[in-house]
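Asker: According to Swiss-Prot, the protein carries these features:
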- ARG189, GLY190, GLY191, LYS192, THR311, ASN335, SER523, ARG586: CoA binding site (BINDING)
- GLY387, GLU388, PRO389, ASP411, THR412, TRP413, TRP414, GLN415, THR416, ASP500, ARG515, ARG526: ATP binding site (BINDING)
- VAL537, HIS539, VAL542: Mg(2+) binding site (BINDING)
- LYS611: N6-acetyllysine (MOD_RES)
Amino acid sequence: MSEKLYPVLPEAKKNTLIDNETYLEWYEESVSDPDGFWAKHGRRIDWFKPFTKVKNTDFNGDVTIKWYEDGVTNVSYNCIDRHLKSRGDKVAIIWEGDNPYIDKKITYRELYENVCRMANVLKKHGVKKGDRVTIYLPMIPEAAYAMLACARIGAVHSVVFAGFSPEALAGRIVDCESTFVITADEGVRGGKPVALKENTDTAIDIAAKQYVMVNKVLVVRRTGGKVSWGRGRDLWYHQEVASVEPHCEPEPMNAEDPLFILYTSGSTGKPKGVLHTTGGYLVYASMTHQYVFDYHDGEIYWCTADVGWVTGHSYIVYGPLANGATTLMFEGVPNFPDQGRFWEVVDKHHVNIFYTAPTALRALMGAGDEFVTRSSRSTLRLLGSVGEPINPEAWEWYYNVVGDQKCPIVDTWWQTENGGILITPLPGATDLKPGSATRPFFGVKPVLVDNEGNVQEGVADGNLCISDSWPGQMRTVYGDHKRFIETYFSTYKGMYFSGDGCRRDEDGYYWITGRVDDVLNISGHRLGTAEIESALVSHHSVSEAAVVGYPHPIKGQGIYCYVTLMTGADAQDPDELRKELVQHVRKEIGPIATPDKIQFAPGLPKTRSGKIMRRILRKIAEDEFGALGDTSTLADRGVVDDLIENRQNKK
């Protein structure tokens, strides 16, 4: 544990929206009188019909979560229309292309027109309130237009990260029975094209075999690359928007109407469709964006995430735009044209607030300080971290080298399921400890529970649960409420279980220690081990597979695969087969799931009842096999000896 304490910077304290006294006062009110607190803050968004009920939640039995349930509003209206009078000519989105010489500024008035046109295109082609629309786009302004257009007409968007494979895209189309897809001819990433339309065509064919028929595909021309065309199905975005009106009335939405589905990995193979609704989600995204980043009107805010992840939903699109902010959207990667790109963008667009992932920071730290110090970064006021715990070394580098010791760091903990940040410092209120997410946001009640379900008080280690609801919380797993209850509420009764381990120190600060279930955190993105295992087993040479994480210097966790082969398959050249399996997993899931280590083994360590002992596999992958713990239930000890002998991570 880091013993260093960084007191609130005088500059941060001077202009802050929330000082420590206010934090303590508000927090106390938020947990002792949630109805009163959230009624007050629920009015930060505009309502067509004001709510009279605030909180109606129960973590027991059938688990119901409702906030502002009789209120009527529209997310797109709150992110655009309500700003037009006072800040119509203010820049809403700064788009920075993959190519450093290409950028675009979109004002709130232009955003209104673009979103209304896209909304009218959706309506023209039969998309109605409640229909699911799949968005498979690169980081271009049209991705934000598409999300806001869906919200405007009451369609439910499902954004799929443009790095996912056709198979992964198809699975997400099928699960929510989406019949309308928005994509691009190609994406551009690090100077290289990404075949999005081709992937979409393949995904649609796969979905059709599972009886889900996509009727229309709206294609944004990004590169002008050659694409195949489905007559009567495929539509060019630029032609369609030219043929419709630039005005579209926002659909009145009940606070509990669905806003979006976003798929996230679980500990079982099939990704879960996390469902977020309208009112509570927007209140929470908007409020956390304002107070965590201490956002002041006129500042330039940049979150480097992709809209394919929840961070992009809440902190590139919905939170900032609900607050009338200027949000920067970056198409590129941190190391193209070179490792100084982030800091060049900061200087070019005078960025004040910068929010990124520890994986990117560790990679940039390894490239050397000169890429940072050659830029001025004089406009930076606040730094943020998201996606995984940040190790103290990377934190110190971020603070000292990137921030020149003048920018507080908000190390934020939250998940797709949470809708917004749950544990975080507030820049003008919280003394910082490198590596700690520090204290809960308003209304959030963290609890540490041991494996037997006993609540731990004071200084403790345990499983991180939240004992009461907050407005941004997911409502269900799309189409599978039973799975929602089983995943999050069955392990510890009456509490939401995050799946993360956590430590609380003597100051009441929280330190996230990583996943405690079979989910990996690769470069800040979640992947279920079961998902990777089923991809491996679908290869004709593989009989069985077990996947675990191990510490990785850049990605946080690496992917270590133990594979047993079909009879006869071991005659192949092992290096060639390894390459083949890596390609196979990339094809099934996407590059994000690329295995780092593959170890071929005659067998896996199992109990006499046939259960794989993953604890042992983790220890071997970490090269820590001296402490394997109790192995008395092992069916065959010889299997473990072979695994140790042939481990891929020998130090």
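Just so it is clear, glycine is given a Cβ too, placed from its N, Cα and C backbone atoms.
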Asker: Taking 8 Å from the centroid of the Cβ atoms of VAL537, HIS539, VAL542 as the cut-off, which other residues in that chain fall inside it around the Mg(2+) site?
Answerer: ALA535, LEU536, SER538, HIS540, SER541, SER543, ALA545, VAL563, LEU581, HIS584
Asker: Neighbour count, 10 Å Cβ-Cβ cut-off, for GLY191 (CoA binding site): what number do you get?
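Answerer: Cβ-Cβ neighbours of GLY191 (CoA binding site) within 10 Å number 11.
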Asker: Using other CB atoms within 10 angstroms as the count, which residue among the binding-site residues ARG515, HIS539, ARG586 scores least?
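Answerer: Selected from the binding-site residues ARG515, HIS539, ARG586 on minimum Cβ neighbours within 10 Å: ARG586.
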Asker: When a 10 Å sphere is centred on the Cβ of THR412 (ATP binding site), how many other Cβ atoms does it contain?
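Answerer: Result for THR412 (ATP binding site): 25 neighbouring Cβ atoms inside 10 Å.
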Asker: Any idea of the Cα spread of the CoA site, ARG189, GLY190, GLY191, LYS192, THR311, ASN335, SER523, ARG586, as a max distance in Å?
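Answerer: Largest Cα to Cα distance for the CoA-binding set is 24 Å.
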Asker: May I ask which of the recorded positions GLY190, LYS192, ASN335, LYS611 is closest to ARG515 (ATP binding site) if we compare their C-alpha atoms?
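Answerer: Given the candidates GLY190, LYS192, ASN335, LYS611, the nearest one is LYS611.
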Asker: What whole-number Å value do you get for the CA-CA distance of TRP414 (ATP binding site) and VAL542 (Mg(2+) binding site)?
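Answerer: That comes out at 36 Å between the alpha carbons.
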Asker: So for GLY387 (ATP binding site), how many other CB atoms are inside 10 Å of its CB?
Answerer: 23
Asker: Counting Cβ neighbours within 10 Å across all chains shown, tell me which of the binding-site residues THR311, ASN335, THR416, SER523 comes out on top.
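Answerer: For the binding-site residues THR311, ASN335, THR416, SER523, the Cβ with the most other Cβ atoms within 10 Å is THR311.
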Asker: Radius 10 Å, atoms counted are CB only; among the recorded positions ARG189, LYS192, LYS611, which position scores highest?
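Answerer: Buried the deepest by this measure is ARG189.
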Asker: Where the distance is taken from Cα to Cα, which of the recorded positions GLY387, PRO389, THR412, THR416, LYS611 turns out closest to SER523 (CoA binding site)?
Answerer: GLY387
